[in-house]
Amino acid sequence: MRSVADRVKRIGLSETYAILDKVKKMKAEGHVVYDLGGGEPDFSTPEHIINFTVSAMKNGMTHYTASKGSPGLLKAIANRLFEENHISACWDKNIIVTPSAKHALFITLMTLLNPGDEIVIPSPCWVSYIAMAEMAGAKAVDLPLTRENKYQITRKALAACITDKTRVLLLNNPNNPTGHILTEEEIQVICQVALEHDLFVVMDEIYEHIRYITAPHRSIAAEPGMFERTITVSGFSKAWAMTGWRLGYLCAPEYVLNEILKVQQHSVGCAGAFIQQGGLAALIGDRQPMEDMVKAYRKRRDYMVDSLNRIPGIECYVPEGGLYVYADIRGLGMGDAQTFTLWLLAHAHVAVTPGTAFGKEETMMIRLSFAGAMETIVAAMDSIAEAITEYDASLQQEAS
């Protein structure tokens, strides 16, 4: 039989979905499993968004929109980008609404990258970045970030990744999995290097509203000279608990956006018409539900970090944004992240994600999500601590 395309064969399945499949199997067998693997908010989509969307459907908003999106939502996005991100974007020239921020990233990379190009991606990074780059035929170049350096990008490290084949720099701010938020110094380094080497910058800002520090969010596209080379991607899934709606958007200079639009038109066509109305309701409606969710996430983050840091052998970087804690397990002496993750699922019935899902060098790190309910987090932390205590006790018995 004929084989499938090489570009698909050379990428692997998502490790986060693989863990989710294991969790579903255990639950189907009757086990109680505490799932800290995915970034799925436990909150329901705010009522005013649902009501607005249902009304739109009943009033005939069930047909195609323009491929860029509906004018109302495009204008609302442009207003938000200007007021909150200080990005001056024309609603009809610089924005495309997409069925998820993930799709926005995909069509952007398909547009920017040629086979053989290089794209620099800070590591650790979200699982799909590298797969997307490889599907475009490009080579993903790791920019290693370390916990010891607070996951900050330095000019020396970034410059060392640049070659004559480098075309794109892809960044996530706040970062998944570390929760790091770019500092002023890092922003200036990124801008300087991008301008010096004539690079495109793709900014994934899906977690921009989920922040736990007082400093306001900074968008690279708002920096001097950067709008014409920056593609900003965001969406509604995380901040508004709209993961199942699949709605995102991108903002790009017109000459780039017109090319990205071709990929949108020849793939999905447009985002769902009534789904777009849900996004409009989120942007023009009451922001209090989003702010309340962020307050709850902060409490969950604090509880999880404190609980994990109480376990001898585990150390956590306190995330400044996002929905995850990135923990160092090397002090446990219980094997690498892959081994520990499987052990944890079997003995504590807690699902977490191994660091190797976010970078091949992340062999002693695990990611835990605090997007779920506080009672789930409390039970999971107790179960982890109890399982590790029992493991240590069994080792002591064997030694004696």
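Placed from the backbone N, Cα and C atoms, the Cβ positions cover glycine too.
Summarising the annotation, Swiss-Prot assigns L-aspartate binding site to GLY37, TRP126, ASN176, ARG367. What Swiss-Prot records for LYS238 is N6-(pyridoxal phosphate)lysine.
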Rounded Cα distance, in Å, between GLY37 (L-aspartate binding site) and the residue listed as 'N6-(pyridoxal phosphate)lysine' is 15
Fewest neighbouring Cβ atoms within 10 Å among the recorded positions LYS238, ARG367 goes to LYS238
Between the binding-site residues GLY37, TRP126, ASN176, the one whose Cβ has the fewest other Cβ atoms within 10 Å is TRP126
Those same-chain residues, other than GLY37, TRP126, ASN176, ARG367, found with Cβ within 8 Å of the centroid of the L-aspartate-site Cβ atoms are THR16, GLY38, GLY39, VAL127, PRO177, TYR324, THR353, ALA357, PHE358, SER369
TRP126 (L-aspartate binding site) sits from LYS238 (N6-(pyridoxal phosphate)lysine) (Cα to Cα, rounded, in Å) at a distance of 15
By a three-class reduction of DSSP, ARG367 (L-aspartate binding site) is assigned strand
Per DSSP (three-state), the residue listed as 'N6-(pyridoxal phosphate)lysine' is coil
